[in-house]
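Shown next, in structure tokens, is the structure this report addresses.
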Amino acid sequence: MFKRHKSLASERRRELISRGATRSILKDDMKNFHFLSQFILSAGPLKSTSAVKHSKTIHFEIEILDAQTKKQICIVDKVTQKSTIHDVKQKFHKACPQWYPSRVGLQLERGGPFLKDNLTIQSVAASSIVTLYFTDLGQQVSWTTVFLAEYTGPLLIYLLFYLRIPYIYNMKESSRRLCHPVVHLACFCHCIHYIRYLLETLFVHKVSSGHTSLKNLLKSCAFYWGFTSWIAYYINHPRYTPPSFGYRQVAISAINFLICEAGNHFINVVLSHPSHTGNNACFPSPNYNPFTWMFFLVSCPNYTYEIGSWISFTIMTQTLPVGIFTLLMSIQMSLWAKKKHKIYLKKFSSYMHRKSAMIPFIL
């Protein structure tokens, strides 16, 4: 009897323990479910995973050799296909700091043309390894510096001769002889010409961001400054002889000079701005300004007006140095005009055959 009660008591105890364990498990499950639901709600709505696009980037290895000795200077690696020659020059400058980018000339072949900075590596590469030849271009200066030096020099040099500073002319002769009115007019026209050049260089022309060698700067300055000194010396000399036909010759040539200067300015304004279509490659077209109607006759009216200015200045002053300078400038500008005219013919052949390069119906 005692054993039976003992067994019943033990069974009763097991039943209570199992019920308590079940309740504790249920409580734990409820807590876990509540925590899981709160976590899902805080995570927000499920987003569909987008497919990851794997773009294969091609890298090039640029081997740079000396153009004279063919010795390897450096290797520029990890160059992408969209990188330009200018980017290669920048990396080359980091490897060789003594050569800054504007001084570096890169060629595909020895003696070949220098690669332009805007060319991409993909356009010149035949394989993943590209060999380029390096040439030191020497000391470089910007084109803006070249133009400012070319035009500032003649402006100041002419004024020095016009003021008849000492040690240029005989002081006694200079004080005795008065300047002819054409001398003052010539100084005015000469100053207007080069002041216009300077202002257009700073505010009108879209000067290239490229560079040129210091030798080219010295050559250009020697040409312009030297001829200006020669011209100014003769025109401002105390023994200067006025034009043969007097004031009528001076007045007509001066008016024509000012007309050509105005026309040159308006043409440069048209050339510096894109066309109404927004395409810089389009042939520049005339507008409502009568000075721009010269585009109907010639491809390069800016050279036409420039030569017209110097011919007028030659007639107005009637001096040999101005005539020689005008002749040389005419030859040079005719070569530039023919070259540009050929480019226009290739691009706009149906429209350009009826035009001349610089002089209407002649050249």
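Glycine is no exception: its Cβ is also placed from the backbone N, Cα and C atoms.
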Stretch carrying transmembrane segment according to Swiss-Prot (options 185-205, 290-310, 311-331): 311-331
Outside the transmembrane segment (250-270), six or more residues from its ends: residues with CB under 8 Å to it: 181-182, 185, 189, 192-193, 196, 200, 204-205, 242-243, 284, 286-287, 289, 291-292, 294-295, 301-302, 305-306, 308-309, 312-313, 315-316
Beyond the flanks of the transmembrane segment (143-163) by at least 6 residues, Cβ under 8 Å: 183, 187, 190-191, 194-195, 197-198, 201-202, 205, 207-212, 216-217, 220-221, 224-225, 228-229, 231-233, 235-236
Positions whose Cβ lies under 8 angstroms from the transmembrane segment (311-331), at least six residues beyond its ends: 182, 185-186, 189-190, 193, 227, 230-231, 233-235, 240-244, 249-250, 252-254, 256-257, 260
